[in-house]
Amino acid sequence: MLHAFTNQYQLSKTLRFGATLKEDEKKCKSHEELKGFVDISYENMKSSATIAESLNENELVKKCERCYSEIVKFHNAWEKIYYRTDQIAVYKDFYRQLSRKARFDAGKQNSQLITLASLCGMYQGAKLSRYITNYWKDNITRQKSFLKDFSQQLHQYTRALEKSDKAHTKPNLINFNKTFMVLANLVNEIVIPLSNGAISFPNISKLEDGEESHLIEFALNDYSQLSELIGELKDAIATNGGYTPFAKVTLNHYTAEQKPHVFKNDIDAKIRELKLIGLVETLKGKSSEQIEEYFSNLDKFSTYNDRNQSVIVRTQCFKYKPIPFLVKHQLAKYISEPNGWDEDAVAKVLDAVGAIRSPAHDYANNQEGFDLNHYPIKVAFDYAWEQLANSLYTTVTFPQEMCEKYLNSIYGCEVSKEPVFKFYADLLYIRKNLAVLEHKNNLPSNQEEFICKINNTFENIVLPYKISQFETYKKDILAWINDGHDHKKYTDAKQQLGFIRGGLKGRIKAEEVSQKDKYGKIKSYYENPYTKLTNEFKQISSTYGKTFAELRDKFKEKNEITKITHFGIIIEDKNRDRYLLASELKHEQINHVSTILNKLDKSSEFITYQVKSLTSKTLIKLIKNHTTKKGAISPYADFHTSKTGFNKNEIEKNWDNYKREQVLVEYVKDCLTDSTMAKNQNWAEFGWNFEKCNSYEDIEHEIDQKSYLLQSDTISKQSIASLVEGGCLLLPIINQDITSKERKDKNQFSKDWNHIFEGSKEFRLHPEFAVSYRTPIEGYPVQKRYGRLQFVCAFNAHIVPQNGEFINLKKQIENFNDEDVQKRNVTEFNKKVNHALSDKEYVVIGIDRGLKQLATLCVLDKRGKILGDFEIYKKEFVRAEKRSESHWEHTQAETRHILDLSNLRVETTIEGKKVLVDQSLTLVKKNRDTPDEEATEENKQKIKLKQLSYIRKLQHKMQTNEQDVLDLINNEPSDEEFKKRIEGLISSFGEGQKYADLPINTMREMISDLQGVIARGNNQTEKNKIIELDAADNLKQGIVANMIGIVNYIFAKYSYKAYISLEDLSRAYGGAKSGYDGRYLPSTSQDEDVDFKEQQNQMLAGLGTYQFFEMQLLKKLQKIQSDNTVLRFVPAFRSADNYRNILRLEETKYKSKPFGVVHFIDPKFTSKKCPVCSKTNVYRDKDDILVCKECGFRSDSQLKERENNIHYIHNGDDNGAYHIALKSVENLIQMK
């Protein structure tokens, strides 16, 4: 049966191991043989690691508060701007990055020009804004969510530092750090492109400083300061226990031996061509204001026309054009190092190039010092032209005389009196009034006034030259604004008038000119002083773009190689302890690799391992990055030595179609078998068989399945000593299993690690991995892991099925992104599941989101009978005379049938047996340092769960009866009086002593905060921080992981012959039940008095944890490892959308939605249905006793054994889990 569930997908796992030995030698039972060399390396690494001065907690929180405040300001401003596609433009390189993130086709990948792409324009037949603004909107939504989370945790942190007592706990610092890091990454996705010009506003010079002032202010803001502030806080968090990158290691010596220095001459030539060194040398010592002044004071026309000037300076004299962001920072580093300059000073110069200024904004703030000659020619021209044109119809505050003089000097005539200029003003006025009428959701009350303005302007237009179809355009526009007829004709006509308006600047004093085109034909066109300037700029701009594009490509190829900082091998000693031996690479020399390789032999005492591999991802890089330029040197040239021809241009422009061509397939096969690279690296060792590969996808499949070798040699201890003395680093590879006395592989990643070295073809070690270090946290003792410097290796392991049908990672992503393919895969997988289990004695595991508990589990056989007899253990710590022999002892406490998951946990006994442990039965001492004291106190987990329940109930009351909650703190009651008042308002947790462990101080504080919010104006956002459930999230730590472990334990107990029945959470508000009291919530359409936010919060009580549990359970079911086999019980998915979209509720009713062995069940009435008569007449009394009005069933009766064991049902949660499972049982019977 299990054969049907054997995994067919390539899986990727991260195996994290420590790389620092414990300082307590008594606890460390490994790596003794080479410990001396490890200690030497540790001291060398310690001196290389940057251990910044740790901030104390108060300073860290203040820095967090400042950063949070600035992020909120940015978030609010960007939310009002991101959809302005008429003003936003992005560089094509950044546009391609966005295409990968927003998942749309960006077209040709290797464009030579780096140009701005306006989001209101068209690219490849589609609007650029189609996907990008949606992606940014999603980013803003996620920012909003994490801002709320971070705000709550920061508030909790601040309050804990202020109060300094046990009642005010700090947030979980790992989660606090993670929340900020995610928030920072989301914000940086926008802030960094804004600060380096990848997102820009090229047309703000045309805007007036009135209604658009917020847009102008946003566009002119310096976002590098916010980026630096976020970076500083990320560094501070890393310094306080975060991870810092140390090295990127490769175990493949062919990767380490590539030589990037061949690019140096090409890069230097391009920098000389740009005359960049001289410009930087002139400006590097100046402030940002002085650099701006330098460009402002240039004589724009003479410098622009001077062909001996740098193309960068000439460009800035005509138009603001920043240095492309993908090149800028690499240039700063490349230029600064050999010249001994400060990198930040160089970066400041490069950042200042193309920094935008708005004439309208500057004039509004400083009319006396305003001078159009301080701006680039095109910027000054556009401002003068637009303001003069606007002034013919509206009142505009601008330097009219200066603008007229500027335009007249360019054209050599009085521009404002030219008929063409008047015509431009007419069309501009019409466009502005049309824009008002197009806002359907914000139409003015006086629409007729705007229609009249448009009609009158059209009537008074005098055409300065003959324009065919003008009357047709006029007619189509007037038909739409007056009668609403034919919107398509209207938009076409408006677009055509826009084209006409755009060409009018070239009509003043224009002369007809004839010139031969590239085919030798005579072509006529009009030219005037303005078009002469713009045509010259096209040549300059093309040179500017091409040069920086070539620099970008050279840096990209260079970085592909230099991102690897170390070459390494893995060493295994006689005790099977493993080490990483790594040598830092200086790519101008390759002897660092050969130094290690020359020490390897076949007869020494220590085994060594290297990885030789090739992937389909690398293959694409080899194919696409080959250059055909004469004299160019490429590190991939040795791959392209086949005599079989192929079309390089088709690869660049039309890869998706060209890869299907047989000519390319044959070319790739030949390169893989007979190229110089193939022979030098002996790829024949992989054992490929391309005879049956008739497509490029077949070749990828063959490569991904077979292109891996774990090569072993040996090395002597003397050679290791020599290498360490020469500067190589020797790091131990450790975890708890390795350093323990028993040396048993208890953790799955320990087993996976050993599979790699046991010759398994399925388990593979990726040759590249990262080494990072965690700096000590101030105040932690050295013997604790957070109190000392620790190095960590994050190895990447791939599990590649060796059956011929396996699906590689690339194909998986393609499937996930194609909804139709994903639906088909789910359907096929479901059929496979039903076929495998249909004739077996399967069980159904029902899991229900509880009211009192977070989740309850009930197991039924295929006929609906409750199964159980689960042995529940308790544990007690047994102290021995020798501390090393002290241990936890597990003893059976009782037998249960329906399980509350929140208190249980799977643990391994000292004998190696896995058992279910009820943590609430574990008692602890008041003082852990008193050996003779008896353990009588409840453990923290049980207390935490009770407190979570109480806080949920108080938050519910805050939403439904605010005044009663505020009355709880009237007249400043004592703790005893406050406790009595709370007991009168909320129901008891119901386990053990009544109202034990009420979090009195936390509740007081929540109510005081609510009172303060109401006094300050009752701001809903502030109130949400108190009344929504996220405030209690810190109480849920670790619970979900325990719940997943229990389900997996029970799944394995029944030999995986099981279905799992879950609540369907995709039905967001249809028939939703409250997480507080179990009642079904009316929707806003059913009851107009129901507040949507209140309904949402009530339903989400407990649902957030359950939803997270659901996601983690499905991830677990994707890859359950049993011995050397990987089993998959649900279809492959990448995110929740891959199953929720497929399971989306249709118009028709449903009984279940299968997703592999998991069935999503409509939870409606499951808790109210009687287990005896099946009527939905069950109610709960105040003690959570189920009573059926129809048949008289009571769950507290001392029932004798009943049919289907329903006497095991004792409360509402048990009943809910039973019926969730029973629905699946009934559905499966009907399906068969």
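Backbone N, Cα and C atoms are what each Cβ position is placed from, and that goes for glycine too.
Remember, TrEMBL labels are computer predictions, not curated facts.
Listed features, source TrEMBL:
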| type | residues | note |
| --- | --- | --- |
| BINDING | Asp848, Asp1213 | Mg(2+) 2 binding site |
| BINDING | Asp848, Glu1063 | Mg(2+) 1 binding site |
| BINDING | Cys1173, Cys1188, Cys1191 | Zn(2+) binding site |
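This view paints the features noted in TrEMBL onto the structure.
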{"residue": "Asp848", "record": "Mg(2+) 2 binding site", "Cβ within 10 Å": "29"}
{"residue": "Glu1063", "record": "Mg(2+) 1 binding site", "Cβ within 10 Å": "24"}
{"residue": "Cys1173", "record": "Zn(2+) binding site", "Cβ within 10 Å": "15"}
{"residue": "Cys1188", "record": "Zn(2+) binding site", "Cβ within 10 Å": "21"}
{"residue": "Cys1191", "record": "Zn(2+) binding site", "Cβ within 10 Å": "13"}
{"residue": "Asp1213", "record": "Mg(2+) 2 binding site", "Cβ within 10 Å": "25"}
| Candidate binding-site residues Glu1063, Cys1173, Cys1188, Cys1191, pick with smallest Cα gap to Asp1213 (Mg(2+) 2 binding site) | Glu1063
| Can you check what DSSP calls Asp1213 (Mg(2+) 2 binding site), collapsed to helix, strand or coil? | helix
| said: Roughly how many Å lie between the Cα atoms of Glu1063 (Mg(2+) 1 binding site) and Cys1188 (Zn(2+) binding site), rounded to a whole value? | reply: 23
| Between Cys1191 (Zn(2+) binding site) and Asp848 (Mg(2+) 2 binding site), what C-alpha distance do you get in Å? | 24
| field | Pairwise Cα distance for Cys1188 (Zn(2+) binding site)/Asp848 (Mg(2+) 2 binding site) [Å, integer] | value | 20
| request: Please report how many Å separate the Cα atom of Asp848 (Mg(2+) 2 binding site) from that of Cys1173 (Zn(2+) binding site), as a whole number. | output: 21
